[in-house]
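J.: One structure follows; several queries about it will come next.
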Amino acid sequence: MAWSQLEVTKAHVAYSCVGIFSSIFSLVSLFVKEQLYIGESMVASIFGLIVGPHCLNWFNPLSWGNTDSITLEISRILLCLQVFAVSVELPRKYMLKHWVSVTMLLVPVMTSGWLVIALFVWILVPGLNFPASLLMGACITATDPVLAQSVVSGTFAQKVPGHLRNLLSCESGCNDGLAIPFVFLSLDLLLYPGRGGQIVKDWICVTILWECIFGSILGCIIGYCGRKAIRFAEGRHIIDRESFLAFYLILALTCAGFGSMLGVDDLLVSFFAGTAFAWDGWFAAKTHESNVSNVIDVLLNYAYFVYLGSILPWKDFNNPDIGLDVWRLILLSLVVIFLRRIPAVLSLKPLIPDIKSWREAMFIGHFGPIGVGAVFAAITSKSQLESHLTNEETPLKDTPGRGSKHWQVMACIWPITCFSIMTSVIVHGSSVAVIMLGRYLSTVTLMALPTGRTTNTKNAWLERLPALDKSGRPFSLQRLDKEPSLSPGQIGGRTSGMVATPKLGMRQRWRQKLQDNKEIEPDIEMNNFCQGTFQIRKETHASTNDSHGTTTANLGTSNGRAQGLPWRSKMNIIDRAEAVNTIYGLDKLAEDTENKDVWRVNTSRIPGIRSPYDDVYTYQSDSSSIGSIERQRIKSLREQEQQAYIAYTEDDQVIIENRQGEILEYVKFHKEGLGDAESGLHNHDRPKRAISPPLEKLHQITNEARKNKYYAYKVGNDLVIEDESGEVFRRYRISPHGGKRKIKKIINPVSSVLSSVGITKPRGVSERINHYLLHSEDEMADDEAESENDMDYEDSDGPASRFKDHAD
């Protein structure tokens, strides 16, 4: 060139191409993903095709050297990082709680997809025998964790239920490693035909026992040691924040290195290492607000799919010499999209606990993207076939030509895999399935704090709740609108604690009222309730006019109410999210009859203002010990896992999840009858319980428009929740009890719900309330045993300071 400063190299051009694409796409990424519904993998692959050797030839990785070797190692690193990240982000002890669902997706569903693809490859591609077709099917059977991120993370994830996101994440992270047994079984059948003993010995002893089982154990050891090491370093304050956040990336590289050196399944090593590393949820809680992993994943995805788009074998997609034609590949792609997973998942839906409806089964069956994992499996298979033909290091730079043993298999495996990947990128990367699922889901985010949109700040709605301002005062909560479902002679009210019985008894008092007022309707209680409501409206109207000089707009309600309705300003205005959260929590509280201990209520603190010590629960006896602090942290995590976060409806059911995507309640409404149809409340860890028909209003709220408002106010000791039209959804009576009891301090998940209606939850509750939660006594024992092991690696200052940071 004229000037030596302008001389460029291939590497410099590659850096520029990847950098330009990443910069431009990052600037419009939200528009592309939200408005065009296109994922970054599709756009990056198209860009790689344009600048690659097939179009502009600016970016040509085929001229860098051994392309297969480069692609294999890049795919290995990307997969190990992504698989480790997926396992770390799962809820704590996820594999222990959901192993049935994960196993059903990994074993029967993968096996079915493998056999179906192999059958159609054998039919469509001439010249390939069935073992070779099994090898083709094994390469494109696994679900890719990189492409699955378009559903399990980001803005698209808000349209998918949390339990489905967790299930897809776990499956995509684990089945890439479990594709290795299918690959090597196919290789053994292809390389050792008619030698059953050799096939069984190699597959069981080498593939299953060494590569898979020992690889999983090795991953657990690496993850466990890494967890202990980072907790020790953090407890001694010898690790900085940057290294703390990057530590899991370092562990992922460690898994890739040791797995490759020992000849085990490095993807399984990475997955189980991440699972063991984040088993107790401590690391996830520490890095909850950090997005370092997401940033690194995005950069790697941009670069990888630009690279992949530039090396696609476009000429081989229509190459009759190796038995491939475009129409054959199109038919095979349709089989992969529609028959690989959907029939198996639909048929096994009753056996998968985490799939609650046929629509969810259809979504899980459809969303099985093929991507980086298929590239890794295809090049690994090709390398193994080449190793039986030469003593050179594999994979080879050039594929053996016609006449070599298994030459057609080695020539077809890469084009078939790449065509399947591009089809999956187009279908799954566009996220059409996610958008369609979101149209049928009516979701509502549950918040634990009031919105604070009251217009009369002088009379906060906390002040209008029952006067339970004495700390430690017991109370009972009873639903007044609940239809009687108990047999005569049983107690009619279900309370949260001690039953408050009047001196004369409820029936005697009622008979006395009937005798004294025979000409008056028997619903005296409701008349008093209406009088109290009218008095609130009257007083609020006066206070509103005095303080603001304005009235609310005419809402046009019925039921004989005033047209202006200025009394609304005194009520607490809540949206439908908070209404669902309040009703859900208070119904659960009112129906709890197994716990006979009395709760203590404290309404001295304004709701919405959290104390930095709210998440720290201490015992009076051993509050300063390290073991107690660790147990308190675990109890705090368990409490957070029981807080309702989102509810959504699907067909005739309401599913309530926590922030981690775990299902708290599963409410199914049977539509067989009109008014007397019974409802069932199902929980995957609890037996079936009956609920009253008024709970169907929860189903109604979640299906309403998001702009609807609801009102919560107090009339005497009654807590009322109603909508804009005046329909009362719930009435609760909070009955204070006499006397006090000393109760050991513990926690209950209904605290956040009580806080949302102005009642600060008891600082004390019997520990037997934990039996009501999803966790069993065995899990609690495991948590406590695990906390005792972690005590040895922490000093008295470290855990306390870290726990305080977590509480903040």
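Backbone N, Cα and C define each Cβ position, glycine as well.
Worth saying up front: this structure is predicted, and the values here are computed from it rather than measured.
According to Swiss-Prot, the record shows the following:
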COMPBIAS  542-561  compositional bias 'Polar residues'
COMPBIAS  779-797  compositional bias 'Acidic residues'
CARBOHYD  Asn291  N-linked glycosylation site
CARBOHYD  Asn545  N-linked glycosylation site
CARBOHYD  Asn602  N-linked glycosylation site
REGION    478-499  region 'Disordered'
REGION    541-562  region 'Disordered'
REGION    774-808  region 'Disordered'
TRANSMEM  12-32  transmembrane segment
TRANSMEM  36-56  transmembrane segment
TRANSMEM  105-125  transmembrane segment
TRANSMEM  128-148  transmembrane segment
TRANSMEM  174-194  transmembrane segment
TRANSMEM  203-223  transmembrane segment
TRANSMEM  244-264  transmembrane segment
TRANSMEM  267-287  transmembrane segment
TRANSMEM  294-314  transmembrane segment
TRANSMEM  319-339  transmembrane segment
TRANSMEM  361-381  transmembrane segment
TRANSMEM  409-429  transmembrane segment
J.: Any chance the transmembrane segment (128-148) and the transmembrane segment (12-32) have 3 or more Cβ pairs under 8 A, given the pairs are 6 or more apart in sequence?
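T.: No; fewer than 3 Cβ pairs under 8 Å.
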J.: Should the transmembrane segment (409-429) and the transmembrane segment (294-314) be scored as in contact, given a threshold of at least 3 Cβ pairs under 8 Å and pairs 6 or more apart?
T.: yes
J.: Do the transmembrane segment (203-223) and the transmembrane segment (267-287) come together with 3 or more C-beta pairs under 8 Å, pairs six or more apart in sequence?
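T.: Between the transmembrane segment (267-287) and the transmembrane segment (203-223), which are separate recorded stretches, there is contact, as judged by 3 or more close Cβ pairs.
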J.: Mind checking which residues of the chain, 6+ beyond the ends of the transmembrane segment (319-339), have their Cβ under 8 Å from one of its Cβ atoms?
T.: 116-117, 120-121, 124-128, 140, 366, 370, 402, 408, 411-412, 415-416, 419-420, 423-424, 427
J.: Take the transmembrane segment (361-381) and find every residue of the same chain, 6 or more past its ends, with a Cβ under 8 Å from one of its Cβ atoms.
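T.: Apart from its flanks, the transmembrane segment (361-381) reaches 41, 68, 71-72, 75-76, 78-79, 82, 105, 113, 135, 138-140, 142-148, 151, 160, 164, 167-168, 172, 176, 179-180, 183, 186-187, 267, 304, 308, 336-337, 340-346, 349, 352, 355, 395, 413-414, 417, 420-421, 423-425, 428-429, 433-434, 437.
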J.: Quick check for me: are there 3+ Cβ pairs below 8 Å between the transmembrane segment (267-287) and the transmembrane segment (294-314), leaving out pairs under 6 residues apart?
T.: no
J.: When you scan the chain for residues with a C-beta under 8 Å from the transmembrane segment (36-56), skipping those not six or more beyond its ends, what do you find?
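T.: Sequence-remote neighbours of the transmembrane segment (36-56) are 17, 21, 25, 29, 62-63, 146-147, 150, 298, 301-302, 304-312, 314, 371, 422, 425-426, 429-432, 435.
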J.: Please report, as numbers and ranges, the same-chain residues at least 6 past the borders of the transmembrane segment (294-314) whose CB is under 8 Å from any CB of it.
T.: 17-18, 21-22, 25, 40-41, 44-49, 51-54, 59-62, 67, 71, 74-75, 78, 81-82, 85, 146, 149, 153, 249, 372, 375, 414-415, 418, 421-422, 425
J.: For the transmembrane segment (105-125), find every same-chain residue at least 6 residues outside the stretch whose CB is under 8 Å from a CB in it, and list them.
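T.: For the transmembrane segment (105-125), the nonlocal Cβ contacts are 133-134, 136-138, 140-142, 167, 171, 174-175, 178-179, 182, 323-324, 328, 331-332, 335-336, 339-341, 343-345, 348, 352, 364, 368, 412, 416.
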